[in-house]
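Engineer: Can you keep this structure in mind? I'll have questions shortly.
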Amino acid sequence: MEQQEDPEFMPLTDSSGVSQQKHEALMTQLDAQKKAKTLQIPTEDKEVKYKLRAIGEPVCLFGEGPAERRDRLRFFLSNLDEKEAIKVLTAKASVHEKVVTTSKREIFYTEGSKELKKIREWLITYSIPRSQYRLVHTQAKRKRDESDADREAEDAQDKYYEESDKALRDFGLVGTVRGDERPLSSVKYTPDGKHLLTSSWTGQAKVWEADTQKHVMTLRGHKDRCNDVIVTPNTAPKRMFATSSADKTVRLYGEDGVSVSTLEGHLARVNRLDFHPSGRLLASASHDASWKLWDVERGTELMDQEGHSRAVHDVKFDTDGGLAVSVGYDVYGRLWDLRTGSNIMVFDGHVKPVVSASFHPNGGYIITGSEDHTAKVWDLRKRRCMYTILAHSAMITNVSYFPSDPVWFTKGEVSSDVFSSEFLLTSSIDGTCKVWSGRDFSHVKTLATPGEKIMSADVNTKLGQIATAHYDRNLRVWGPEGYA
């Protein structure tokens with residue numbers, strides 16, 4: 001006797017059945033990805049190998065590094081039942097493995113040299129007085145504000161903010177220059193505001209006059225694309241340039257643009273650089289999952305800082321010179337105390353690689369930019385993210401605070417000590433560079449070049465300019481209406 005079909009349910013066609021199976025497979029894959037993000041995978045390589053052995057997987061594959069091994073463990077655990085995954089993660093090593101581990105103890109921090117110890121001692125004497133000076137002035141200003149005894153500073157601050165906000169809203173394109181024969185990778189203003197620096201995929205970096213965008217000189221020497229170019233701060237004993245490259249090296253140049261030394265030691269491409277406020281030290285971030293500290297005068301490596309599990313893209317010093325922040329492709333940012341070498345804070349909140357970071361001039365905040373299209377502002381005192389800016393529709397390439405000195409409106413009438421950084425700058429490959437209020441993080445101005453990826457951006461508060469470096473090889477300069 002033939003089985004009758006239920007009239008309330010129609011059987012699926014073959015194509016519909018296949019589509020349903022594909023949908024279920026995709027949903028299972030998405031659930032596994034979500035689960036994988038929540039798993040707390042060990043960071044030490046020996047622990048990762050032990051966990052892989054516990055679930056019956058090879059502890060090492062040919063050509064596999066620690067980061068890939070950690071991702072493989074995450075993948076396998078995400079496909080296990082939640083209870084089983086937790087059981088594997090919380091399991092302790094056997095007695096035999098404990099003996100092996102003890103006999104071959106792994107040091108998390110790289111052992112430092114005698115030169116590094118001397119530098120750490122010098123950093124204490126350099127940074128603490130600067131921090132004390134800043135805190136004394138901050139506390140004095142807070143007391144004035146609370147007592148209403150002196151309204152001059154607050155009135156000047158409000159005037160600065162209002163006039164700056166008004167001028168920024170009138171910004172427009174005032175100049176375009178072909179920067180090089182290949183895409184530009186970064187743009188920086190010199191601290192005195194007189195020159196612009198650009199780097200490009202040709203392997204060269206160039207120096208330009210800030211007000212006329214006239215080419216001054218070219219920094220040569222790299223064998224692969226140049227990723228960043230910076231100059232020493234005004235407080236440095238002498239002016240020097242530094243460039244980083246995909247050829248795994250950092251080059252130092254004298255004021256005349258002649259290469260004076262090549263810093264070698266990284267195992268992969270070198271990304272972004274930063275000079276210490278003293279000009280004595282240089283930090284470099286690399287795709288080898290580390291950042292290095294260099295002695296500029298001697299051209300020697302002082303420290304190879306581990307801590308990230310993937311490529312490190314940016315590293316920055318704070319204004320006092322005692323701290324540094326590093327961000328990378330492992331979606332984390334890390335705050336380091338240079339005087340002790342300890343990692344004192346982890347910035348956990350982005351869901352994609354973090355590619356840029358910047359300290360607030362007062363040292364109390366850090367802003368980070370990520371491939372997840374957001375910029376996050378972190379409060380170092382409260383140790384948490386205080387605000388997330390939904391900044392762009394594509395990967396952010398650069399974030400920075402405006403320098404804490406008066407813009408062109410003040411004409412030198414008010415001391416720069418009065419001002420704090422009131423604005424933020426972000427750029428993205430979505431073709432926009434945006435200015436945000438540092439008070440309430442509201443949007444102030446968008447500088448748009450539709451279809452042209454912006455690789456980097458910087459602000460010159462002395463001339464009232466913003467410069468952007470583009471993938472289309474052009475350097476663009478923005479200013480208030482009528483500036484050109």
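Heads up, the Cβ atoms here are built off N, Cα and C, so glycines get one too.
Predicted automatically and left uncurated, TrEMBL annotations should be read as such.
The region 'Disordered' annotation in TrEMBL covers 1-24, 137-159. The feature domain 'Pre-mRNA processing factor 4 (PRP4)-like' is assigned by TrEMBL to 43-95. Taken from TrEMBL, the feature repeat 'WD' covers 177-218, 263-304, 305-346, 347-388.
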Engineer: So, by DSSP, how many helix, strand and coil residues make up the domain 'Pre-mRNA processing factor 4 (PRP4)-like' (43-95)?
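Structural biologist: Residue counts in helix, strand and coil order: 33 helix, 0 strand, 20 coil.
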Engineer: Using a Cβ cut-off under 8 Å, which residues of the same chain at least 6 positions beyond either end of the repeat 'WD' (305-346) come close to it?
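Structural biologist: For the repeat 'WD' (305-346), the far contacts come to 43, 66-67, 70, 108-110, 112, 120, 123-124, 126-128, 130-131, 134, 268, 271-278, 283-293, 352-359, 361-363, 366, 368, 370, 378, 380, 383.
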Engineer: Take the repeat 'WD' (263-304) and find every residue of the same chain, 6 or more past its ends, with a Cβ under 8 Å from one of its Cβ atoms.
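Structural biologist: Beyond its ends, the repeat 'WD' (263-304) has Cβ neighbours at 67, 110, 112-113, 115-116, 119, 126, 130, 186, 224, 227-233, 235-238, 240, 242-252, 310-317, 319-321, 324, 326, 328, 338, 341, 356.
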Engineer: Just to be sure I understand, if DSSP states are collapsed into helix, strand and coil, how many residues of the repeat 'WD' (347-388) fall in each?
Structural biologist: 0 helix, 24 strand, 18 coil
Engineer: What are the DSSP helix, strand and coil residue counts for the repeat 'WD' (305-346)?
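Structural biologist: Breakdown, helix to coil: 0 helix, 24 strand, 18 coil.
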